[in-house]
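Feature list (source: TrEMBL):
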REGION    1-25  region 'Disordered'
COMPBIAS  7-16  compositional bias 'Basic residues'
DOMAIN    253-373  domain 'AAA+ ATPase'
DOMAIN    505-637  domain 'AAA+ ATPase'
COMPBIAS  729-740  compositional bias 'Low complexity'
REGION    729-749  region 'Disordered'
Amino acid sequence: MTAAARHAPHPARTRAPRAAPMPATSASVPWTDVLVAEVDRRIAEQVGRWRGEQAAPTALKSLVITDAEVDELMARASEPPEPALPCGSLAAQVIDAGAPRVLALQAAFELSPFELDAVLLCLASELDCRFDRLWAYLNDDLTRTRPSADLLLRLLAPPHERVFLQGQLASDAPLLQCALLLADDSSRRGGNPLYRVADGVLRHLLERGGVDAAIADAVWDDDVAPLAPTLWRARPQVQEVHALLAAQEGASTPLLVNLHGRDGSGRAFVAHAACGRLQRRCLSLDGRKLKRGADSRAAWLAALRDARLGGDLLFVHHADAGFDDAERRHEWRTLLQSWLRRFGGTVLLASAEALPLAAWFPAADVAHVALPNLDMGEREAAWRGVLAAVCPLPEGARESLAHSLAAKFRLTEGEIAVAAQQARTAARGMADEAGWTAVLHEVVARVAAPRLHELAEAVPVRHSLADIVLPPDRLEVLKDLVRRTQHRRTVLEDWRFDDVSARGRGLVALFHGASGTGKTMAAEGIASTLRMRLFRIDLAGVVSKYIGETEKNLRTIFDEADRADAVLFFDEADALFGKRSEVKDAHDRYANIEINYLLQRIELFDGIAILATNKHSHMDEAFMRRIHVSLEFPLPRPPERLRLWDRSFPRVAPMAGDIDWDFLAQRFELSGGAIRNAALGAAYLAAEGGDAIGMKHVVNALRTELVKAGRRMQDGEFAPHAHLLTQPAAAARTHAGAPSPRRPGRPEE
């Protein structure tokens with residue numbers, strides 16, 4: 001470096017600028033004074049040696065090697081060696097000044113004296129910005145403002161040990177493998193990278209608290225409803241995990257504990273409570289927020305290192321997010337295996353379902369702790385507890401609410417606590433039972449199925465079973481579906497019929513028939529009678545081109561419908577439940593995998609699933625074996641059509657009294673949907689002319705409906721009412737007098 005360059009203005013750095021310099025002196029870590037002073041002294045000695053080694057500067061130094069420079073370099077071989085500073089001498093001075101965390105760091109990671117010195121020297125670099133320019137000077141490069149591998153060796157090790165100690169700065173050595181130091185690979189020059197101390201190590205040694213910046217965004221947010229811990233304390237799994245952790249103390253074999261259960265089942269609470277009983281802290285991270293891609297390894301290393309630094313147990317919530325694809329699963333497994341092989345210890349992993357940890361980590365002990373769903377009695381007890389805290393109603397009313405909510409919604413303790421808290425806010429100032437009941441059911445339905453609205457359409461339930469026009473034997477099948485649902489707790493739980501079959505406790509019905517025959521209305525009627533919500537599955541939102549996403553969407557739909565006590569209605573079900581195809585390419589293979597998953601999932605479903613199709617023959621045979629009820633919706637016969645025509649006109653609609661109901665029912669074979677469309681069209685024609693609805697409006701609307709359906713119509717088919725037909729463009733108006741509020745001539749029910 002030329003003299004002019006040494007005195008140039010401070011350059012723009014290639015890395016982000018540092019925060020304001022930390023004062024070297026700190027009341028909580030007084031040994032930093034000793035550290036900075038000793039590093040200052042060593043740098044001063046190195047600067048002196050460096051200046052003595054430089055040949056006289058020339059204008060062509062970077063282009064020409066002069067004779068004088070060669071002579072000077074050759075002369076160094078005969079110079080006496082540099083003063084020998086033993087490895088560990090820097091750490092020894094710091095430890096003598098009172099630095100227990102430095103000693104603990106060395107013990108935790110089994111560091112050599114040189115490795116510990118390297119960490120401390122890089123730490124000193126962060127304590128004072130003056131070091132930036134000094135490193136740049138000694139590196140002979142204004143952009144290299146960190147200590148390099150060469151400088152670490154020169155400042156910390158005797159000359160005769162430096163070649164050997166180079167390996168302790170390599171990428172496979174503990175300093176980098178454990179992320180105590182981070183190397184700037186972009187700065188490598190002939191194997192001479194720059195080093196900095198990891199943020200988590202700096203925070204730990206300086207007692208600044210917090211976690212490494214690489215995982216700061218992934219720290220588990222333990223923001224739970226205030227009432228939830230009270231409910232979770234009843235979980236016996238706290239004692240189970242505590243016993244596992246206590247038995248692991250001092251064990252040489254690593255332990256992986258997998259807590260699996262639904263969100264809100266208390267997995268994090270169980271982990272923290274068990275650690276608390278051992279007086280151990282728990283570093284809790286959210287696996288969904290751990291960085292992905294190139295930064296994922298750094299994030300996992302930072303998590304494992306920070307937990308070991310603090311003597312904490314590492315708990316990863318939603319750990320299954322880290323194993324959701326093959327590439328990430330392989331990377332994380334390899335990293336965790338290597339760490340456990342080196343240090344042992346215990347890691348707690350929470351997931352929705354049990355993870356195959358024994359297959360992934362054969363050298364570790366594995367324990368699975370299931371947090372099962374609450375049964376009816378447990379849910380009712382939980383509701384009684386939270387309602388006593390938030391609901392001002394008398395005890396009898398609260399008991400009734402607790403029973404109905406427990407029977408209708410399959411929530412976890414955490415979800416019950418959240419729903420109770422939200423209901424208290426929504427019902428503030430409300431003291432009547434009807435109001436609280438409505439608020440609670442609305443809030444609980446939202447908590448139970450937060451994503452169902454994204455993948456399905458909530459269908460307004462406007463019809464009851466009394467509105468459905470079907471032959472009596474088919475209507476009885478619908479009533480039987482309702483009966484099975486209303487009394488399944490008595491039959492399956494109290495009378496133990498649940499023990500007879502391992503299949504799901506739900507009902508799967510297939511409604512098949514032509515369009516407009518009442519399949520959707522029947523689904524509404526069932527939901528209305530059972531006082532359940534109805535969701536139509538949007539296949540466009542469920543089926544994904546991305547591998548595995550369709551299964552995830554289906555899992556969400558079934559899980560949330562199960563919890564929210566909702567009826568699922570799969571319209572055009574043959575598109576999703578159709579016959580499996582011959583495998584000719586990858587697309588066919590994955591499509592068949594989706595159908596196989598659907599078959600398995602619907603068999604375990606505890607709710608009501610109704611599938612509708614007008615292509616019965618296209619349904620997969622394996623799926624048909626899982627159907628509890630298969631009901632055909634035929635086209636209505638004349639008696640049913642007569643009732644449908646009558647019911648299609650509201651009682652308050654003005655009728656002209658000249659409608660030939662028998663003619664309409666006998667002459668035209670229509671579905672109920674087509675009849676309703678024709679009635680609606682007739683009403684619009686009458687409204688346009690300011691008339692009561694009469695036969696002329698009905699036959700013209702009916703002709704339009706038949707043409708829309710693709711039927712070729714002759715006016716003679718409408719005889720003896722063909723004279724009432726008008727050309728669509730003419731739309732002649734015939735005034736038949738003032739509209740009548742009465743409905744003369746309606747067919748007899």
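Cβ from N, Cα, C; glycine included.
TrEMBL labels come from automatic prediction, so no person has curated them.
Confidence across the domain 'AAA+ ATPase' (253-373), taken as the mean pLDDT and rounded to a whole number, stands at 92. When the domain 'AAA+ ATPase' (505-637) is classified with DSSP, helix, strand and coil residues number 61 helix, 30 strand, 42 coil. Residue counts of the domain 'AAA+ ATPase' (253-373) by helix, strand and coil are 56 helix, 30 strand, 35 coil (DSSP-based).
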